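What follows is a single structure, written as C-alpha cells, with notes after it.
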Amino acid sequence: MARDNENILEEWCLIESNPCIFYDMLKRMGATEISVEDVYSLSYFDDYINNKEIINMNHILGVDTYLGENNKTLDKENNVVDVIELYKNNICMEDKYNKLLKHHSYIYGIIFLFNIGKHYKNNKYIEHNVPDNLFFAKQVIPNACATQAILSIVLNKDIELNDEIKNIKTFSLNFDSSMKGLTLSNCTFLRNIHNSYKPPIYLDKEDVHHDKKKSEDSFHFVSYISFQDKVYLLDGLQSGPVLINADEQNKPNPNNNNNNKDNDNDNNNNNNNNNNNNNNNNNNNNNNNNNNIGMNGKDWIEISREHIKKEIDEICNSQTNNDVRFNIIAVMKDKEYIIQEYINIHRIVKQRVNIKLINLGENIELSDEINEDEFPLLNDIPSIENLPNNVDTLYNIVNKSTLEINYLQSLLHEQKEIKKLWNKELTFKFFNFYPFIMSSLNLMAKHKLLKDAYQKEKLKNATKS
C-alpha cells in the first residue's frame, strides 16, 4: 500500500507489533513468499516442532499418511507414487493439511517483543566464534529495532529480497556490528519503509501525559533464528549475537561420536534420494535445513521457546517492572503460497487423468487446464502412461482430486481474507482522515448542523451516565 513519505524525518518512529505491519514490511522488502502469524500461546509451536518428516509427493497425493516423525527414513522406492493408492479413503484431508501446512522448516525465525525495564541485561553476549556470514547489526538509533528484527531473520535465510535489501548485506559484509547498524540507520529506503508506519497526528498539542507515558513504555524487538546448527538471539542492544544455551549446544553428543562417518554417509544417501524425488516444497524445506541438527538432540524452535519462556518468567517475577505485556510473532513461509502449490499439484493430476480417460475413449472435456511447463519436478507426479487403465479407478481419482482442490481452495480463501483484513487495517491506521474530518465539520457548521449534533450527543451521554 502506497503511503506518503514526503515528510519523513531522520529519526525512526515507534512501530506497533502487528502482523499486518510486519507482513506489509516484508512485501515491500521483496519477501513475497513470506508471511507472519501472531503467537498467542507458546504451545503454538508444538505442531511445527513435531512435523519434521520431509514432505514428499506420497503425502500430498494421499498415498502415505504424514506422521511428522523426524527420524522416519524413506527408501527411494517408497518415494515413487503408487498410482493405484492415490487418495486413500482413510486419510483425513483436514488432518493431513493441518500437518503439511505446519512443517518445521516453514518457520524462518521468531520475533519477541517485551517491555524493557530495570530487569533488562545488556551483557548477555558471551564471546564465541561467530560465523563470518551471520548478519548481526547493533542498534545505533532509537526505535529501529522492529525493522532490525525483521532483517535479522530474512538476511540470514535463503529468502528472495529486493536488490536494495540484498545490497545492504553485500555492502556491509566486512563491517563490524556497529558499522552495520549505522548502515541500516542511514539507509533511506529502509527508513522510509519503517517511518511509513507512523500513525498520522491530528492535533499539534501533545497529551499532557505524553512524556511520562513515553518514558514508561519502552518496548524492544529481538529475533531468534537457527544458523549453522546453532540457535541465536539477535538483539541489537547486545554486543553481539547471543548463542542460546551455549553450554548445551557445544556439548558433544556421545551417541554420534562412534558412528559419525557412517551416519554422514547414510545422511548423504538419504539427502540425494530425497532431493531427486521431493516436490518443490521439499526443496524450500531443505534450503532452510539448519533447523534441527547439531543441537544435542534439541530442536531450535524448542530451544527458542524455552528461552522466551525464561525471559517472560524473569520479567514477570521482577518487582521493578509492572508492565508484563509481551508479543510473539512467527516469521514463516506464506501459507497462501504453499496452498497454491498443493492446488497446482492436484490440478496436474486431475488433468493427466482426464487426458488418460480421453485416450481410453471417454467423452469428456478438459476443464481447469493448467500449463505444466511452469512447474518444476513434474516427474514426481504420476505420468499419463503410468496411470491405471481402469476407467472406474480413473474417475474415482478425478472425483477425489476435485475434493482435494475444493478443500484447498477454501483454505486459500481463508488466507486471502486474512490479507484483505490486514490491508483494510493498514488503510485505517495510516490514512490521514484529518482533511475529511475538518471538511465535514466545516460543512456542518456552514449549514448550522454542528451545534444541534453536538447538543444531541451531549444529551445522549448525559442520559447514559
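Cβ coordinates are placed from backbone N, Cα and C, and glycine is handled just like the others.
Record features, source Swiss-Prot:
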type     : residues : note
ACT_SITE : CYS145   : active site, nucleophile
ACT_SITE : HIS220   : active site, proton donor
SITE     : ASP235   : site 'Important for enzyme activity'
REGION   : 244-293  : region 'Disordered'
COMPBIAS : 251-292  : compositional bias 'Low complexity'
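On the structure: features taken from Swiss-Prot.
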| residue | record | Cβ neighbours (10 Å) |
| --- | --- | --- |
| CYS145 | active site, nucleophile | 25 |
| HIS220 | active site, proton donor | 18 |
| ASP235 | site 'Important for enzyme activity' | 27 |
Cα separation, the residue listed as 'active site, nucleophile' to HIS220 (active site, proton donor) (Å, whole number):
6
For ASP235 (site 'Important for enzyme activity') and the residue listed as 'active site, nucleophile', what Cα-Cα distance in Å is obtained after rounding to a whole number?
8
So, in DSSP terms, is ASP235 (site 'Important for enzyme activity') helix, strand, or coil?
coil
